[in-house]
Structures are given as C-alpha cells and as structure tokens.
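Once you've had a glance at the structure underneath, I'll fire off some questions.
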Amino acid sequence: MTYGKFAEVVLDIPLNKKFHYNIPPSFVNQVEIGKRVKVPFGRRTVVGYCVGLTNISDVKTLKDIIHVIDTTPILSSKMLAVAEWMANFYFCGLGEALESFLPSVVKKGIKSRTINVIRLCKDGISVKEMIFTIKKRAPIQVRVLEALAEVGEITFPELADISKCKMDSVNRLRDRGFITLDKVEVSDPLFAGKHFKKTSHFSSTEEQEVAIRLIKRKVRERKHSVVLLKGVTGSGKTEVYLQAISEVITLGMKAIVLVPEISLTPQTIERFKSRFDRVAVLHSSLTERQRSDQWWDIKSGNADVVVGARSAIFAPLEDVGLIVIDEEHENTFKQDTSPRYNARDVSVVRAAYENAVVVLGSATPSLESFYNTEIGKYECVTLKNRVGHKPLPRVEVIDMRREIFGGKGQKPISDYLELSMKKCLSKKEQVLLLLNRRGFSPFISCRRCGFVLKCKRCDISLTYHKKKDAVICHYCFAEEPVPRECPDCCSPGIRFTGFGTERMEELIRARFPQYNLLRMDSDTMRGRDSHEKALSAFRRGDIDILLGTQMIAKGLDFPNVTLVGVLSADTIVNLPDFRASEKTFQLLCQVAGRTGRSAKGGKVIVQTYNPEHYSITYAATHDYDGFAKKELEYRKQLYYPPYGRLARVVLRGKKDLDVKEKASDIAEKLMNAIKLSDGSLLAGLRKDKVGVLGPAPAPIVRVKDNYRWHLIVKADSFKNLHTILKSIENENRNSKKVQMMIDVDPYMLL
DNA sequence: AGCACGCCGACT
DNA sequence: GTCGGCGTGCTC
Ligand SMILES: [Zn+2]
Ligand SMILES: [Zn+2]
C-alpha cells in the first residue's frame, strides 16, 4: 500500500481499468475530477481523464502527472456517471466511452483562430518614400507595399495570394516600421448574416394541449420520467416539443433535442432558432471551427437548447430539464462502431442523473418503447389526428404475383400504379416513388451456366451501376469493370436481373418522357447540400417525380404530393431478422405520411409479393396499435426484445478455421457462465429464456476478405445478460488472427 | 492500443 | 552466427 495524493486516471485503451498517478505538489490545486491530464504510460505520454481522487493505492510505485490540460473540468460528474454506465452496459472500455463524449475538434484543441491583419503605417513617410528606401533590393517587399497602398488593409492570406509574398517579407517591413501587424480573431459564425424571424406559440389543438400540459407538469416536478409522444405524421409533435422547451427555459433549465441526422435540415433548425434565442446546433456538416465554437458555447452556458444528431446526447449542458428524441424508433440513434450505444437509451440514463424528463416522439414507436408504456414504465400521450383534421391517405396494396410480364420476368411497375401516376401527373401534382435499392441491377449472372457474379472479397452479389459502368460491392465498396463474358464459362451472355433506382429511373423516364424525374439515392446525392437542393427543387415544383431510396421517406411535407408509390415493400420484410416486420411497418408508415398533407388529398400504392403480411396490412390501415400488439405477441413467443434481451458477438479473421475455432471457444465460455455447477441455469432460468445461439456463420460470411462467425446471447434481463458477457469481457478483442466485437442490444442480427 | 521481450526459421 | 517473423504480456 502506498499513501499520498493520487488521481484515478482513465486512458483510451480497450481496458476497463483505472490507473493511479501521483499528483505532484505543484498540481495539487489544479487536478480535479473531470479534467484531462497528461501522464506517462509505458514509454509514451498519453492524455487521460481524471475520474477520481484517492489517498491510497495498492500500486507500489506511481508515476507523476506531467500536466493538467483543462482549467475547468471538461466533463461533469453526471457525464462521468453516464460514461461509466455506458462502459458497463455496452461492454466497452471506460476510456472508449469517454472518448466519444468530446468531439474530435475539442480534443484537438481547435479554438478560435487568429489571423494577421496588415496595415500601412499611417503616420510618417509616404509609400513612395518607403519604396525608395527599399529600392530594388527587395522586390517582394515593394510588391507588398504597392498592394497595401491600393487596399489600405488586408489579411495575410489574401496579401500572400496577391503579391506572392511570404511571412518573412512582411516581418521585415514591420521591423522597418512601415506596416503594422495585428492578430485578429476570426470567427466562423454558424448563422452569419442570417436572421430568424421570431415566432411565438402556434395555436395548438386540444390533443396537443393535453400533451403539452402533461410534459410541462413533469418538467416542473423536476423528477426523472419518460413520456412517449405517439403522433402520426403531421400531427404537430414539433409544436409540442417547442412549448415544452419553452417551459424548461422559463424554469431556468436547458433542453437537448435529438433528431435523425438526415432530418437535421436548415428548416428543422429554423423552427428552433425562430422560437428561442440561444440555440446551439451540433451537426456533422459544420466546419471544424463551427463545431468547436458551438461546443464551447454550450459548455460556457450560452445555449438553452441544443439541437443535434446522435452524439449531441453528450452535449456539455448543465441543468438539463428535458431531452427530446424525435423519431425515437430510428436506428440512426444506435452507433454502429464501438461504443455501440443507442442515444435514445443513453438519454434515459442521462436524464435519470439530471432529474430530467425524456420525451420520445414517433409515429411508429419502437416496440421497446411501446412495451415500456404498456407496463407503466413510461407514460404515453397520443396525437391521433393530423393538424387541421386532414385524413391519413388511403393505402392500396397491389399483389405483384398477379402482375406477370407475358410469362417471362416480373413487372416492376403495376398497371394500376402506372395509371395512377398518369392521372396524378396530368393534374400537375407530384409523385414520390420509393425503391429501397440503389444501382442499376442488384444481380448479375450468366445466361448460359447461371454463374452469379460475386465480390472477390465478400460473400455478396455485385450490383451493376450503369453510369459508373462498373459493378460494385455494396459491402466493401470495391469496384470492378463490367465483365464482357462469363468469368466461369466465357460465354458472352450476361444477364442483369432486378431493378435498382438507376434502372427504374431509365424505365420511368421512358414511360413518362414529358415529366421531370429526379433520382435521389446515395449515388446521386454525393455533395453535402445536394440533398437539400433536391428537396427544395421538388418543393418548388421543378420536379414531377421524385424517385429514391429510404432518404426520400424523411424530410418535410410536400403539399402537392398526392401519390406515393412503394415499388417493392418486400426488400426488408424478407430479411431473416427479428426486426424485419417492424422496419417494414415503420418505413411504409413513414413514406405514407409524405402525402395527403393538403386539401388535394393523397393516395399510397404499395407493391408487394406478400400482400397478406401483417406489417403491410396494418400499415395499410395506419393501425400502429394493431401492429404493435401482434408484433409483441411474436416477440413474446420467440422471446425476442423487449421480452428477452440480446447481445451479438461477432468474430472475424482471415482464416475461416481460426475464426470458427475462436467462436466455439467463446461459445463454451459463455455456456459455462450460464450452466451452473449444480446443473441448473443462471438465476434458475428456464432453457428458453437464457442461452447461446450458434456459433454460426454470419449471414454474410465473408466481408473484405474476412470470415465472420457470430453468436447470439439471450437472457431474460440486461442484468443477467451482463453476467454472462462478463465471462468473455477480458478476451483479447484484437488479436492478430481473430477479432471480436460485442454488440449489446443490437439493432439487427445481420 | 502500443511497445517491449522472447523464441524459432532462413539468410549474409 | 545474425535478422526478423509475430505470439504474449504489461502498462499506474
Ligand atoms: Zn457462364
Ligand atoms: Zn465486397
């Protein structure tokens, strides 16, 4: 045992361990919980987070802290507690969790940038005289002076561009006393020159009033609680959020609003900016400096409301009274790299530490949240009606099994949809078409021998992209030239099967030549604001038909859209995953909500080979509760979430055999944690409530030359799930041969 | 994660 | 005889 003044420091290494460091007397007053410190580690120095102070340590010799980085704690004790929860819940290192709390720009220390502004010295000699003194000896300095004589004052980067000078010439001129150099802080303001017209509360419907009153009451209680706000698209959920936030601000507290990345548009931001004065935005499209400025603004207490995507849940606000998660069911709130957290679930934990209220908003809540209202854990308020009592659009399901192309092949567009499109377009109304598959055709095969073209590195068929004139793997993004003959039998007949958005675009353009079509998928929407531009062109009416992948299902409402076509509702429903039905239902409801927003009404046509599937029939009648009840029944039978709790363990490596072996080894360890020595199972659970499924080859066995095996761990509660996972916690996750990944509460099992 | 140590194969 | 492969283990 050693005694003294020590700091518990967490480092960003995949080890859930705290390291003790001695605090030298000169740092005693500086070291504080929540500050970053520089420490020696092995033979390098690294940055760590001070998470605790202690007088006693069982480590014999402690090294000294080298430096204290922050003047005030960069993480509050509440946030440290959230990080601790994350590390335990998602089985990641505490350092790894903390690392995701601070944006990289903050870690890099990007703060305000200064720039040199150069001015001619007004007093004293004239420019002519200056040039005369320098004479021809320094032509660059002469050029600088001439340029300055013209403009008077200029920033160094601009001057360097005009007169092709370097800093040393400028310094020499300054030394002669001809010019002055001033460091000026450059700001890169987010909303430079933009004025937000202030709006006050919109009149709200009776339903909205009920919701607002409930949330306001909860906020005033300053007690942790969760409210599920269930409201169809167009029912005015945002207005409810706004009025609730207004109450929070009145009470001197602050609010966080999480929105799916794709919905974080200028219009969304404007809704908040126009209602509240001190709004900060955290978004990936900000420049580094803007992001840093926003973060420090929040940190220094200059924001009442933070609007942002997933990671904004870690916004450094104090006194959080309300956290809103809009489109709560969206999988974008689950991070797909470690730490694999779900911001929705983190928000509930953070709110618990902050004594804050969480509002989960959705037209189609996740089954987890719905279940939590059923068992009374969350409260539920419903907005049944759209604002203005606009009816939800009629949904017609087309059985594509009846639409056969004269005996050969399948018809991508039913006669009925085509006819409806014609009618709609002739009335100068707009059509939205959803096809959840990009590229030209998703399947390339040989007409002679049936050989299917697959990625060389992945176990997945390649997609033909016509414009790029290449075949692309949608898993590893590898591109290959289009084969001119079969790689297997060398016969020249190559067949392209199936329709992606690119091919559908071609087909529709051919059938509707007089109308403007825009294709919107990740191939055509490469640029940062292209998505925004496309939507505004559609809004203006420059485009008649908008064809796209999921990304068209979100965004704002377009009153002139009177027809929505879902070209294939089957892409998700056929996935071998327990969330396939839920995802299908949500997508259909979401896209259906894009129409019927005006007096013109609206219609939705869903093409499917599974017209009787309950996710489709319930979506057709806009019956969320009906769907949820049925889906919960299935989940209960199969003991899937929200009843059973899952974790997925994925092993990958270059050699299939190594991976398989490691997977069996892991499975055995997990089983040992479940099967107790007396033969009973963990916590006395029955066989169907706890166990390990697999190891099995992952549904896509090979990705980027890596073979993948996976295991699913199932338990009745997260607590027991964690007990089981503890048995493999200290396994090497990054060995050379086989890498291991643990995903607690995975979104999908694929 | 890094970065050592250490133990075997194939080279000047 | 050395150079260099990567398996193993530790870091306050
Ligand atoms: Zn062939
Ligand atoms: Zn691939």
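Cβ coordinates come from backbone N, Cα and C, glycine included.
Just lifted these from TrEMBL, have a look:
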BINDING   A:C446, A:C449, A:C486, A:C489  Zn(2+) 1 binding site
BINDING   A:C455, A:C458, A:C473, A:C476  Zn(2+) 2 binding site
DOMAIN    A:218-383  domain 'Helicase ATP-binding'
DOMAIN    A:427-665  domain 'Helicase C-terminal'
Taking the recorded Zn(2+) 2 site as A:C455, A:C458, A:C473, A:C476, identify the other residues of that chain whose CB atom sits within 8 Å of the mean position of the site's CB atoms, giving them in sequence order.
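Sorted by sequence, the hits are A:K454, A:K456, A:R457, A:I460, A:L462, A:H474, A:Y475, A:F477, A:A478, A:V703, A:K704.
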How many neighbouring Cβ atoms, not counting its own, are there within 10 Å of the Cβ of A:C455 (Zn(2+) 2 binding site)?
24
Do you know offhand how many angstrom separate A:C476 (Zn(2+) 2 binding site) and A:C486 (Zn(2+) 1 binding site) by C-alpha?
22
Filter the candidate list A:C449, A:C473, A:C476, A:C489 of binding-site residues, keeping only entries whose CB is under 6 Å from an atom of ligand 1.
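Only A:C449, A:C489 meet the Cβ criterion.
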Filter the candidate list A:C446, A:C449, A:C486, A:C489 of binding-site residues, keeping only entries whose CB is under 6 Å from an atom of ligand 2.
none
Rounded to a whole angstrom, what is the C-alpha distance between A:C473 (Zn(2+) 2 binding site) and A:C486 (Zn(2+) 1 binding site)?
18
Excluding A:C446, A:C449, A:C486, A:C489, please set out which residues of the same chain place their CB within 8 Å of the center of the CB atoms of the Zn(2+) 1 site, keeping sequence order.
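Along the chain, the qualifying residues are A:R447, A:R448, A:G450, A:F451, A:P487, A:D488, A:C490, A:S491, A:G493.
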Between A:C449 (Zn(2+) 1 binding site) and A:C455 (Zn(2+) 2 binding site), what is the CA-CA distance rounded to a whole number of Å?
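Checking the Cα atoms of A:C449 (Zn(2+) 1 binding site) and A:C455 (Zn(2+) 2 binding site) gives a distance of 18 Å.
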Summarise the model confidence on the domain 'Helicase C-terminal' (A:427-665) as a single mean pLDDT, whole number.
90
In sequence order, which same-chain residues at least six apart have a C-beta under 8 angstroms from A:C486 (Zn(2+) 1 binding site)?
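The list for A:C486 (Zn(2+) 1 binding site) reads A:C446, A:R448, A:C449, A:F451, A:P492, A:G493, A:I494, given in order along the sequence.
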Out of A:C446, A:C476, A:C489, which of the binding-site residues is least crowded by other Cβ atoms within 10 Å?
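Candidates: the binding-site residues A:C446, A:C476, A:C489. Fewest Cβ atoms within 10 Å: A:C489.
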Report the same-chain neighbours of A:C458 (Zn(2+) 2 binding site): residues 6+ apart in sequence with Cβ closer than 8 Å to its Cβ, ordered by sequence.
A:C473, A:Y475, A:C476, A:A478, A:I700, A:R702, A:V703, A:K704
